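*Asks:* Handing you this structure, nothing more for now.
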Amino acid sequence: MCSVFLISLIGEDWIFFFLLGILMGLTSWAMELGINMLLKGQKWVYGRLDSNGFLQYLGWVGYSVALIVFSAGFTQIVSPQAAGSGISEMKTILRGVLLKEYLTFRTFVAKVISLAFALGSGMPLGKEAPFVHIASLCGALLCKLPVFRGIYENESRYREMLAAACAVGVGCVLAAPVGGVLFSIEVTFTFFAVRSYWRGFFSVTIAAFFFRVLAVWYKDEETVTALFRTHFQVDFPFDLKEMPAFALLGIISGFGGALFVYLNRRIALFIKKQKLFNTFLMKKCLVYPVMVSFLISSLLFPSGFGQFMAGELTQNEALVTLLDNRTWTKDGIAEEFDYIGNARVWMHPQVTVFGTLALFTIMRFWMCALAITMPVPYGAFMPVLVIGAGLGRLVGECMAYWFPEGIHAGHAIYPIVPGGYAVVGAAALSGAVSHSFSTVVMVLELTGQISHLLPALIAVVLANLVAQSLQPSIYDSIIKIKKLPYLPELGWGQHEVYNIRVEDIMVRDVQYITLSCSYRDLLNILMKSRLKALPLLKSAESMILLGSIERTQLQSLLSQQLSCARRLQCIKERGAEAKKLLSTESNPPSNNNSSLQTGPEEGHIQVRGHRRTHALSFTLVDLQITDWEARQLDERVNFNNCKINPALIQLLECTSLHKTYTIFSLLGLDHAYVTRIGRLIGVVSIKELRKAIDGSMTLKGVKVAPPMATFRNSSLSSSQNETTYLQAVRPPEEHVTDAPKHVC
């Protein structure tokens, strides 16, 4: 009663998103605490075994491999859907394809626990993308509470809730509310409802606030501040003469982002195409993560090759040092200031700062592309952010080397700040990989600096121009690898999408049903096609479209027609007729003790009297069941109790491909019917639309005759005849309890 009053007073949406924000803030803080403990555990093992180099190596590598094995194994056992980034799947769900197995409590448990162990292993993985999935899972589970059942039952409200939850996932991890909301809109939506805007901001603000307040309460931070706070000079952070360098950094990041997506996809497809290797990995699912984690952890071993690329630093520690406002070189030699704390790992007696930064950037680049192919929860945003910071720092140190006296501005001389280039590089490379511009806002919120807003914007714009012209985003690439039902993005400058019409790509041979069809016609249609819905026409002659009926509804109609209830009714009716007929024919005397018996085993009725036996068999087994079903199938279908959807999205044959794509993306359609003056002439599905878009992007137009693809009407094999389907829809005989087992 109190909950109902509270909801009516405050509002259901406010309470829901407030609870979602609190839950995600607590989840983010608890996971961050657990990950830090696991990372410290690896360093503790490494430090305790410093007396023996080989044992130290085994401890370092074995620790990482063990955590990855646990993460992959736990994911495979509890919920395989928890593996991956989560953003790709959420893009598909928000487009209208409901993947229920991705929004269960088992998936939530597997995602949270496996992600913590995967990140605690020290692999170059992130948690931003998985937290988008985790936030959506939290929202979906909250919707199932009795208090919020209204949200779960309404499909449009449910999708709006998931949209806001995606924003919460990014914002609470990075403590970047504004950038988190904008980033989630860019990477998960083609079209975004403005009414969901305030929901995302409200909930992500609550989540980010709790995440940072809990860090202060736990004494990890002194106060609520930026996650990676910098200390750049604000009065003159950069000179206009440095703009070409920032622009060049953006162009390099664009090519780097496209190369990263290409490399990741090639690795994933290579593993899939190697049949023997892929079959082996399917049977031994833990072998591949063991191999990858062993390779990466061996290269990152601090006393080995890792000493040349800051291998002992975690991703957060590496990012903090890369954003240092001091210049590490002077005339190509390490600066003579004291390297405080973690910054000392960038100074090596045998390698210059340029060498360590270059090795760090290159090695982390391919390591991250390889690591995110493992079957564990992963994200690519944070590793790419660190790689971009390393690239920017390298460019900044080069600028400091080329201009050791700094930039002359009038009578003043301002030194180069390599940390500013690290900020710009982080925003540019992460934007190029994800095809988003909001990374500028996110990086500025992370660092607490707005002084490099203009250079970061220029670099991100140029990086996106290059990357989007070469490769899809990392999330769209994963969608293609997993073959999820999602429309690709329209390419830039593709004028063919305005010239191609629906009549060029639609399927003309449409499977349909009419008002006058029989149950046999309905059975044949269901056998021939796997369509989720079938169009209902007034008649085959007029082809006037009345609506559509879901496949489940049609199967229900057919099952009811051949149901046990109808069979029992037939038993009773024919039994009554038989009794009446027998009583009329026999007229037995009262003293002959004649009796009426039913032979349950023989399946017939016998009348004993005057040495005369009358047998009437009405068993509906074998041929008689077939005859009975044949009579039922010949009857006309009654659509009175069937839910017909009359509100169809109908396209005209002259509708352009671009407009069709917009309608499908905006409304989340699976298919649409093409009509002419109300008459059905064709159908277009996502399959045809996807092939048309790919054809227009690669072949400068599509082949319009014959149609590009067929609608999903894959028929059953010839051996699966009508009897096979009848066995599927026919209720099993053992469920008939009101009559003898073999008697009808």
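Glycine is no exception: its Cβ is also placed from the backbone N, Cα and C atoms.
Given the structure is predicted, the values throughout are model-derived calculations rather than measurements.
Okay, these came from TrEMBL:
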type	residues	note
TRANSMEM	14-39	transmembrane segment
TRANSMEM	60-82	transmembrane segment
TRANSMEM	102-119	transmembrane segment
TRANSMEM	131-149	transmembrane segment
TRANSMEM	161-185	transmembrane segment
TRANSMEM	197-218	transmembrane segment
TRANSMEM	245-264	transmembrane segment
TRANSMEM	285-305	transmembrane segment
TRANSMEM	351-372	transmembrane segment
TRANSMEM	384-403	transmembrane segment
REGION	581-606	region 'Disordered'
COMPBIAS	586-595	compositional bias 'Low complexity'
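What does the local environment look like for each feature on the list?
*Replies:* Residues 38, 41-42, 45-46, 89, 99, 101-102, 104, 106-107, 109-111, 113-115, 117-118, 120-123, 133, 285-286, 289-290, 292-294, 296-298, 301-302, 374-377 of the same chain sit 6 or more residues outside the transmembrane segment (60-82) yet have a Cβ under 8 Å from a Cβ within it.
Residues 16-17, 20-21, 24-25, 27-28, 87, 90, 93-94, 127-128, 131-136, 138-140, 143, 151, 192-193, 196-197, 199-201, 203-205, 207-208, 210-212, 226-227, 434, 436, 438-446 of the same chain, all 6+ positions outside the transmembrane segment (161-185), place their C-beta atoms under 8 angstroms from a C-beta of that stretch.
Cβ atoms under 8 Å from those of the transmembrane segment (351-372) belong to residues 85, 123-125, 256, 260, 263-264, 267, 292, 295-296, 299, 308-310, 318, 328-329, 332-334, 378, 380, 383-384, 386-387, 390-391, 393-394, 397-398, 401 of the same chain, restricted to positions at least 6 beyond its ends.
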*Asks:* At a C-beta cut-off of under 8 Å, are there same-chain residues at least 6 beyond the transmembrane segment (131-149) that contact it? List them, or none.
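*Replies:* That would be 3, 7, 12, 16, 19-20, 23-24, 27-28, 82, 85-87, 89-90, 93, 102-105, 107-108, 111-112, 115, 158, 161-162, 164-166, 168-170, 172-173, 184, 188, 377, 379.
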*Asks:* Which bits of the chain, at least 6 residues beyond where the transmembrane segment (197-218) starts or stops, bring a Cβ under 8 A of a Cβ in it?
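*Replies:* Counting only partners 6 or more residues beyond its ends, the transmembrane segment (197-218) has Cβ contacts under 8 Å with 13-14, 17-18, 20-22, 24-26, 28-29, 32-33, 160-161, 163-168, 170-173, 175-178, 180-181, 184, 224-225.
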*Asks:* At a C-beta cut-off of under 8 Å, are there same-chain residues at least 6 beyond the transmembrane segment (285-305) that contact it? List them, or none.
*Replies:* 46, 53, 56-57, 60-61, 63-65, 68-69, 71-73, 76, 121-124, 271, 311-312, 363, 367, 370-371, 373-376
